[in-house]
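Some features that Swiss-Prot has for this protein:
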ACT_SITE  288  active site, proton acceptor
BINDING   331, 337, 367  Fe cation binding site
BINDING   346, 367  homogentisate binding site
């Protein structure tokens, strides 16, 4: 199948906007969504990301004007090669950590390379999150859409070129991409191989967190989110369309590219964001603030302040707190924390937590800085210093995350993780304050 592999990439700026884009002049109807005859002989199609009657501020929908409607496809058949999945592991309250997963030796495209790590909901439920690590070494020739949830991609190695129905975006490590539920896309590897993390959000679409007393600016600013402009493929020839439905891959063969949207308008859009543009907030007096100040995106629940999923980062930042234990404090949390590392080192773990690795601390699992970090922090000269060349992140969720059977049985699971706290001494002396 022939396709344009090098369009000029342009983006629209903003978050939650009503965007509009057309690859041909006049392709968008004026004053209505579904005219009797759409410009250029296109078909009008609505892609809904939320229910019709949601509050307008929460509504996500986009009108597509395409060469062929999505309904033009044969029957989907279950693929013989299914993604790694199956049952979650048994109940396990232990703290878990994994070394980086290897890039596969055999040819593996983006959708073949998902390793399930943890989940807290079945795909048919309108809440919860499933977490994966992806490892790939070849570009996709087929096209994919995920009926189970919204996808948040966090590259750790290798740039991705993501061709979506609405346009093309390139995403590199230290950037993230979000693809709405049901949107068709293809991932091409610009560096030959790639590895990273995926949060599959089954709940409310991701949005910016409220800023509260921070005010009207700070954290991830809306103007730094980028949505691709319209770009279409007018191609004849066989192409496989794969959908993920209730955790399984089903496919059909089309005789055209399904990435054939010539124009579109709406708010249900793919986007990318450069984590280096995050406006980090921290203390300028004492104590380590709660990690919620590092929230980039959140998927809320019906309980105010309780997240279905938060995406939190730990970026480069200045540490200036006086008379303060500066690393993240020891903690037992109502929330469940899955952490990854994009580059550098995490300031609470001196050893063992590597880029491409991961950790899971479940509800009420005691965690905090390891023994080496703790010892250094207590004795440190509290001059201002910058934590630099680092980017850790966390998928945090209010529902218990259960590790997958594959994650519990893979050789990258560190059996000795608990030992990083084993040498924490008792320094208590009742006779010396």
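The backbone N, Cα and C atoms fix where each Cβ goes, and this holds for glycine too.
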Subject >> Intrachain C-beta neighbours of residue 337 (Fe cation binding site), sequence separation six or more, cut-off 8 angstroms >> reply: 359, 360, 361, 367, 394, 395, 396
Original post:
Looking only at 288, 331, 367, which of these recorded positions has the biggest number of Cβ atoms within 10 Å around its Cβ?
Top reply: 367
Subject >> Cα-to-Cα gap, residue 346 (homogentisate binding site) vs residue 331 (Fe cation binding site), nearest whole Å >> reply: 16
Subject >> Near-site residues: Fe cation, ref 331, 337, 367, CB cutoff 8 A to centroid >> reply: 328, 332, 333, 361, 365, 366, 368
Original post:
Could you state the CA-to-CA distance between residue 331 (Fe cation binding site) and residue 288 (active site, proton acceptor) to the nearest Å?
Top reply: 12
